[in-house]
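Notes follow the structure.
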Amino acid sequence: VRTEEGILHATGNGVPPKTKDYCVIYNSNWTALPGSLNNATFRILENLTSTVLCNSSEVAPGLLKDKAVVVMRGNCTFLEKAIIAESLGAKMLLIASKPGLSPLTDNKTELKDVTLPIALIRYSDIMDMQLTLGNEVNVTLYSPPLPEFDCSMVVIFVIAVFTVALGGYWSGVSELENLKAMANPGERETRRKKEENVTFTPLTVILFVVICCVMLVLLYFFYKWLVYVIISVFCLASAMSLYNCLAALIGEVPFGLCRVTCCNKTIEVRLIFLAGFCIAASVVWAVFRNEDRWAWILQDILGVAFCLNFIKTLKMPNFKSCVILLGLLLLYDVFFVFITPFITKNGASIMVEVAAGPFGNSEKLPVVIRVPRLEYSASTLCDMPFSLLGFGDIIVPGLLVAYCRRFDVQTGSSSVYYISCTIAYAVGMVLTFVVLALMKMGQPALLYLVPCTLLTSSLVAWRRKEMKKFWKGSNYQV
């Protein structure tokens, strides 16, 4: 049994001719496909999805001469269909499947004389081909090699490092304002009312990780209901986060300060318009979230705002809490990616299944930064048209970067902790991409990000002889 992904390139007879690619799977022990479209041979497609081709009497003589034929799956095997198709003069056999694409298994040692290419295609794609290209279609099969590196990873890298660095810097600015307010009794109460930060304790960290584990398991078993809950929560949280991020920028602009009063409360008009814009952006994404051509841009913008607001709002009180949080989430990531395949019935990891939508669910969780793959291949068309990075791979190390930035502010250490931890995060991301390219399978990014950031922060604190203070946090925070 050996299954690989390929591409069916279909061309209509219009002027100019329309073309479209479809995903197929084939057994490379039976069929050798060319690596590029230039070396492929086109055949006229004969649509016989009304038959299963288990008997040569189902087809009129001469109908399949030098053509590609598509038939439905049936009780006979793929290779038995291939023998009949080849005896009728066909040069390519496509087998349409309504349930989806499953591995092609058969014994070719008994049927060595079969030479025509055999591939499995979705029945829905055959229907789409007729609607899009018409009834007269020329097709060919090819399988371009999987690229070693996709440039979309560079975009993911820039987004991730930018978000972590900006989130940490924003947290430091907030900390500086807090310190100034503490020094001025007149501003202390005003600042306390504006402050919206939440501080994690070691007990809260453990509880947070337990909730993450329970939620992931619940999503695995009840995905088709809970996915809409997650989408709703994301819309609400991302709209609020985008508002907080843009309000911080607008607050620095000395224009449009007119206010309105309602219910004894005064609010700036520009903030009302900003709130409407953020809600509209979230609603537009919710409505068009499955539009692959551009919805990913809006999802990434909302996702970056969500991560920035989370990093700025959630405070780690000391390095001890950071170690507990990052360490536990590292174990959580590794367990649900590498260990759960030995537990699940289908041998797939719970993390990967939930990320892809288990049991063929078309709705995807909006908890990732996604960028379309720029290098075209069969894998891009069939499985993963986007490069993905989970929000957790930004937020979790970002909380450590934010703590380093606040510690720099408290100790006046010229941003040495912040800069070194941000660079360590960038190195961890590069290491993740290198392993991804070498192993050609999804990686738990925290496996590389957590050691890089924790070890670097520890080394800086040790070299500066501030480990005890760095571990326990400042007196101000305690």
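Each Cβ is built from the backbone N, Cα and C atoms, and glycine gets one as well.
As annotated by TrEMBL, domain 'PA' applies to 54-126. Summarising the annotation, TrEMBL assigns transmembrane segment to 153-172, 198-222, 228-250, 271-288, 323-343, 384-404, 416-439, 445-462.
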Hey, does the transmembrane segment (323-343) touch the transmembrane segment (198-222), meaning at least 3 C-beta pairs closer than 8 angstroms, sequence gap 6 or more?
yes
Beyond the flanks of the transmembrane segment (416-439) by 6 or more, those residues with Cβ under 8 Å of it:
148-149, 153, 157, 160-161, 164-165, 168-169, 172, 397-398, 400-401, 404-405, 407-408, 445, 447-453, 455-457, 460-461, 464, 470
Across the domain 'PA' (54-126), average pLDDT on the 0 to 100 scale:
82
For the transmembrane segment (323-343), which stretch among 153-172, 271-288, 384-404, 445-462 has the most Cβ pairs under 8 A?
445-462
Please work out which recorded stretch in 271-288, 384-404, 445-462 has the most C-beta pairs separated by under 8 angstroms from the transmembrane segment (153-172)?
384-404
Summary of DSSP states over the domain 'PA' (54-126), given as helix, strand and coil counts:
20 helix, 16 strand, 37 coil
